[in-house]
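For reference, the structure is listed below as structure tokens.
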């Protein structure tokens, strides 16, 4: 028994052990299976993950329309994307303006949520960078494991100083669209391009960089998904096409829609009421602009095919979503508007939208609404990332991949269209101003406290200086595109973006006006301040004054060196104050300094005449009296320098000359009156003044004549000659009444400064009086000719005789040698040591001076001067020359800008209008063929009161546009019966209809996130009638279709054809669909036409009214 019991125990233990082992092995297997499944689920590099997360490519154009038929001239794109994928017939932008629309595309938010109102207001601002830019679809997909790349235009005010978050490969265009002469930020390095098609044509470079990004991404990690954005500048201005396409698409008139040149429009907003019909030159311009736009799109068409072929070669075509769309539409002549965007009509808000990818049925047509705010949620859905709550859009993948009818039935049928510009009320404007003033006051207080800490603590000072030095280094190493505009060929005046500026309301204008009042910058550093403000990512140092900022920035040793290639700024210390200069003017400054004439009196010289007279030329002191303080014009084409002479004692004759100078000025003012008002005694008065001046001048010349004779008698010792005369009258010379000789003080001969001062005084007065004599003679001549009866020949001869006596002493040579009063000559000095230099005097431009100079050359022998070696110019003179060279460069730049300003003002003189945005066009706007050879013109295409909010609804029963303007105007367009929106039917709305649409619009204007999606049937009018008739040109949702070749599609550039939605009809009355006739390729054989009756109850009594609007209702 014991043996059996023990045996049973052993067997039971074995069984229990086997059972435990079995359970344990199962548990291990289940855990290993879970781990492998989890690894497959979350591994980014697994095959299953690769299948779930496809590649995403967005191809974005700029200003491409649908209503004008531009997409029909891109056969490659239509064949690869439309025929190979799906087409959304109702794709719209929520704001028809570049920067707001692109900001909505990146963030999936309406304008009233991301706060980018215009192309200038908050576009790529620090606020945008800190809040919304960090939440773009690129950041979410990059964090989810996608390799992201962006190439092309980004935002209009992107300055290239940073790389937006979320993009691993970055090639963003700096500022607005261009095809040549642009700069890009390529992975943090700024690259400037020129005007060479082979190297610089931007659409081709975008395609090349994108293809290189795809190749490198798959070579590095073939299983990692890719997000690529290709943002082309076409067909935005300046519409520079590739040379091989410049001969295509002439005489294309697809933009001549029924609303083309439909002007004026008294039932629409103010800008359309005042717009007159286009002139013939305007129509020619729209035709040529349409041609150039189509030509630029050919490069995009080729790029789409290149990317398609590259994906095919890489084996990624079936695993890649390719989305093709535009930021907004465009108009050319519609309602008399020559060109532009920013209107809520179909031609500005409707955009092309094509998509192909895994799971998308080929040649599929989708009639549900898709918006630009839906792109970001769609991309996140493609990548398996849940849509954030702040995004206003929704993913469109269910429309493409799901066959559930409930998805289409619940899809939103209404959306919001917002114009660019703020919409604050008067109370909000006042609140914004008060808040801005408080912020400025707080900033000043913070700066004052920071300054105290800056002065007290040395450590903090070092920190501030080091951070500012880093900022200065970054600024000196970067070159901003807008500041280099003077050296570039300006090919785009950006008048297309003027639309956004006009939509700004009074609040933004008031804030800008306040900012202008506070911007008090000095002229020399204005461009520096602009660049400092544009670099948004640099640390903001709260400097109190500009001098503090310059002291901090110029502490960087890199800015103290001479200008090197690629260096932009250079710091120069001028008299203890730092100044920043642009290096691009450095070479010009050197050339100016090399070409400037040098002064002659820079060396000490001894001069000898053939008569044995010896005199010296002594260098003037560095702070001498030769500095130019004022420039006066003395006639056309001639300048003279007027020196200030500070003296304490003047001779009596000089004081008399100063009094005479005032008398002459009074006579000049007196003769400015008309000749008939001058009295007959004016001639006699002028003659008396001339005689008085000449007598005083003779005394002065007599003094210097005696001085010259005295100098020749004592040439052996020039400092002993003053000892023969007694000192009298202070530091000056005087005429002895008894001997009629000139006596001078010894100080004049011993002190060089006193001698030079005395000489300069007399020299100045002599030249001044000679000028006055010339003017008085001209005045006298005019009076003598005008008064033929008064002046006798004797007085004229007497005046001539007196003039001859004052100039020449009959046969005795000149009384007075002008070589003592020689001014600085413009002849450059020579650097050869010991070279003979000849100094010659010159007088004024009057007849007296020219006669004296002629006589001086005739009777005075030429002197030879020997000068000491050149030791180089002193510091003061070199600074003066550099200052003069900079002044000349500045004047040259100012003249260049002034010429441009005058030319622009001349072109825009007739089209400028208050609170309107206008542009001018001439033959200088386009630089590539085909050129504009017609006459220039101006046109105003938008106004700042064109600010609106619109409700757009498209469903099975209704197709309308309801708008409310800030001016109080209400417009309503029924596109079911008026597809081109030519008639405003707001007067025909009932109060209930208007109230319902107003409430729906208010709901959308303040919506956020999910509340921005209004479900279908929720927006139907009160007492909703269910009319079976769809909007015109409606297509069945799930209908597959083929398209004819391009030649057949050009004529029918809009919808394929009218269809009827038969889902609302009973099955017995539905039309039967026929198969597509592949032999004929006809687009009209989708349905077999069968007449059917429509009961009166099936028609909508509200929106099918065709009565016209009376003038009173309009």
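Glycine too: its Cβ is placed from the backbone N, Cα and C atoms.
Positions annotated as signal peptide by Swiss-Prot: 1-25.
DSSP classifies residue 328 (Ca(2+) binding site) as coil under the three-state reduction. Sequence-distant neighbours of residue 328 (Ca(2+) binding site): residues of the same chain at least 6 apart with a C-beta under 8 Å from its C-beta are 63, 93, 95, 96, 97, 98, 101, 341, 348, 349, 351. Here Swiss-Prot flags 62, 63, 98, 327, 328 as Ca(2+) binding site, drawing on similarity to another entry.
Annotated N-linked glycosylation site per Swiss-Prot: 122 (among others), in sequence order, evidence recorded as sequence analysis. Taking all protein chains in view, 21 other C-beta atoms sit within 10 angstroms of the C-beta of residue 122 (N-linked glycosylation site).
According to Swiss-Prot, the feature N-linked glycosylation site maps to 159 (among others).
A coil conformation is recorded for residue 181 (N-linked glycosylation site) in the three-state DSSP classification, outside any helix or strand. Marked as N-linked glycosylation site by Swiss-Prot: 181 (among others).
Positions annotated as N-linked glycosylation site by Swiss-Prot: 208 (among others). For residue 208 (N-linked glycosylation site), no same-chain residue 6+ apart in sequence has a C-beta under 8 angstroms from its C-beta.
Taken from Swiss-Prot, the feature N-linked glycosylation site applies to 251 (among others). When Cβ atoms from all protein chains are considered, those within 10 Å of residue 251 (N-linked glycosylation site) total 7, not counting its own. Mapped onto three states, the DSSP output places residue 251 (N-linked glycosylation site) in coil.
Marked as N-linked glycosylation site by Swiss-Prot on the basis of sequence analysis: 447 (among others).
Among the features that Swiss-Prot reports, N-linked glycosylation site is placed at 713 (among others).
Taken from Swiss-Prot, the feature N-linked glycosylation site covers 743 (among others), and the record attributes it to experimental evidence.
Marked as compositional bias 'Basic and acidic residues' by Swiss-Prot: 795-804 (among others).
According to Swiss-Prot, the feature N-linked glycosylation site maps to 817 (among others).
Among the features that Swiss-Prot reports, compositional bias 'Basic and acidic residues' is placed at 876-895 (among others).
The N-linked glycosylation site annotation in Swiss-Prot covers 945 (among others).
Positions annotated as N-linked glycosylation site by Swiss-Prot: 955 (among others).
Cβ contacts within 10 Å of residue 974 (N-linked glycosylation site), excluding its own Cβ and spanning all protein chains shown: 23. The N-linked glycosylation site annotation in Swiss-Prot covers 974 (among others), and the record cites sequence analysis as its basis.
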Nearest of the glycosylation sites (122, 181, 945, 955, 974) to residue 159 (N-linked glycosylation site) - Cα to Cα: 122
For the Ca(2+) site built from 62, 63, 98, 327, 328, further residues of that chain with CB within 8 A of the site's CB center: 61, 64, 97, 101, 102, 236, 326, 330, 341
Neighbour tally for residue 98 (Ca(2+) binding site), based on other Cβ positions within 10 Å of its Cβ: 28
Spatially closest candidate among 122, 181, 251, 945, the listed glycosylation sites, to residue 974 (N-linked glycosylation site) (Cα to Cα): 945
Listed in sequence order, residues with CB under 8 A of residue 62 (Ca(2+) binding site) and six or more positions away: 98, 153, 177, 231, 232, 233, 234, 235, 236, 326, 327
DSSP residue counts for the compositional bias 'Basic and acidic residues' (876-895), split into helix, strand and coil: 20 helix, 0 strand, 0 coil
Cβ atoms near residue 181 (N-linked glycosylation site) (within 10 Å, other residues, all chains): 22
Spatially closest candidate among 122, 181, 251, 955, the listed glycosylation sites, to residue 945 (N-linked glycosylation site) (Cα to Cα): 122
Residue 955 (N-linked glycosylation site) CB neighbourhood, other CB atoms within 10 A: 20
Residue 63 (Ca(2+) binding site): tally of other CB atoms within 10 A of its CB: 26
